[in-house]
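Since the structure comes first, as structure tokens, the remarks are kept for the end.
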Amino acid sequence: MTRVRTAFVWIVAATLVMWLSAELPLWLGGSATRRFGDAFMQGTGVLAIVLMSLSLMLAARPRIVERWMNGLDKMYRLHKWLGIANLIVAAVHWQAYGFVRSAELDAGTSAAPIDGWAGFAEAQHDTAVFIGDQAWKFVLVLSILALVKRFPYRLFFKTHWLFVPTYFVLIYHSVVLLDISAWTSLLGPVLGIVMAAGIWSGIVCLWRSFRVTDDRAIGNVVGITYHESVRTLELEVQLDSRWKGHEAGQFAFLSTGEEAPHPFTILSAWRGDGRVSFLIKELGDYTSTLSRTLKTGDEVKVEGPWGTFDFASDAPRQIWIAGGVGVTPFIARMRHLGEHPDGKLVDFFFSTPQSYPEGDRLLDLDARAAGANLHLHFSDEAGLITAEHVAAIVPDLANADVWFCGPAAMGAALKSGLVKLGLPPVRFHQELFEMR
Ligand SMILES: Cc1cc2nc3c(=O)[nH]c(=O)nc-3n(C[C@H](O)[C@H](O)[C@H](O)COP(=O)(O)OP(=O)(O)OC[C@H]3O[C@@H](n4cnc5c(N)ncnc54)[C@H](O)[C@@H]3O)c2cc1C
């Protein structure tokens, strides 16, 4: 999460500095007739469109940024933070316009006709304001639908693309209403590039939403095992040659029928034969129907791989902690290590409410093959797994790194506990099983 925070702070700070580079000359110049209200509208407007542009760029899933952000899950987290920040800044911008507008009317407008861009911008002023006002209401509604978790993910997914045309409209609003002098300052070209990248990203997102380009691998279900007592489905799929392989710990978006793609960790290690498998826990309306609706031979589409939960580190010792279905990246890694051992000492803590003997036996087999020490933790009997519990078994925390996958609250509690006991914070790696 450090990268998400750092990137967010830098984006806001750099935008404000660039805006100041356009604003300060207007205050420091000899005539100095700049009004505070105008400066405020420009500042909030610039910040809002930059936040929205960058949020859209992340939605287009640029691979290079994914690597830097340590995974698509973190990239989406930054996308969300930028979206929320845009909502707040745009709300302030919208509210403030009422005050500025009355000052504008008091000051009156120039009667002399103006040529060139200035004349065009002047002529478009009222239309751009009106369109911005309408678009803001759209942003507000779409943001509420995205943030309110009670609104089903399926419907959120079907409405979220509407941000793209709304953004295009807001680009027009911003281009017309940005002070002409700002275009010739440092802000102008940077903003131009950011907006162009935002427009391109928007087009990529629309292409993807409407499947104008479809680079998903197509496959067929070749195996289904339903573990009824833990309401979990194991799915094996044979993919076509578009699937180029994956690393243990990565995930993919799986589409079945008309349903939106859902992310699942790839359970199987890659053997070059197009086989991939998934372990899917019934956690909601879509996952709960799969055991009834999916059958051998059905067509599925798989997009990916994504994620950087790759177990790469220079620490001699690794601690793995999984909660519930967060076990999947570790199974993939154990299967990989079974064939390609790396000589690292691994302690694997797996926490579930109760024992599931068949699953525990399979985990034990994978752990033995990988040379990992498996520690099963049944929280109904033993309580929640804590940092002290882990440190009692692996006291050498300073020379270890931790790989965690499971509920966010469990991850946060373990991270803070382990850091207090001596784990360097950068050595705690976490996969967020949440994208909204
Ligand atoms: C990186 C990653 C890896 C995952 N790996 C696994 C795994 O190996 N096994 C497993 O059982 N689960 C995994 N999940 C969780 C799984 O994606 C959700 O449980 C599933 O999508 C829920 O869908 P639903 O319609 O049944 O539930 P809903 O009730 O509709 O959704 C429950 C929650 O799941 C998330 N979700 C739902 N649909 C989507 C979607 N289309 N795209 C992204 N998130 C969505 C949302 O946060 C939502 O709030 C993973 C999630 C992520 C982000």
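Glycine is no exception: its Cβ is also placed from the backbone N, Cα and C atoms.
A TrEMBL annotation is a machine prediction, not a hand-curated record.
According to TrEMBL, the protein has these features:
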TRANSMEM  7-28  transmembrane segment
TRANSMEM  40-60  transmembrane segment
TRANSMEM  81-100  transmembrane segment
TRANSMEM  127-148  transmembrane segment
TRANSMEM  160-180  transmembrane segment
TRANSMEM  186-207  transmembrane segment
DOMAIN    205-312  domain 'FAD-binding FR-type'
Using a Cβ cut-off under 8 Å, which residues of the same chain at least 6 positions beyond either end of the transmembrane segment (160-180) come close to it? 22, 26, 38, 42, 45-46, 49, 52-53, 56, 117-118, 121, 124-125, 127-129, 131-132, 134-135, 138-139, 142, 145-146, 188, 191, 195, 198-199, 202-203, 205-206, 209
How about the transmembrane segment (186-207) and the transmembrane segment (81-100): do they have 3 or more C-beta pairs under 8 A, pairs 6 or more apart in sequence? no
Quick one: average pLDDT across the domain 'FAD-binding FR-type' (205-312), no decimals. 92
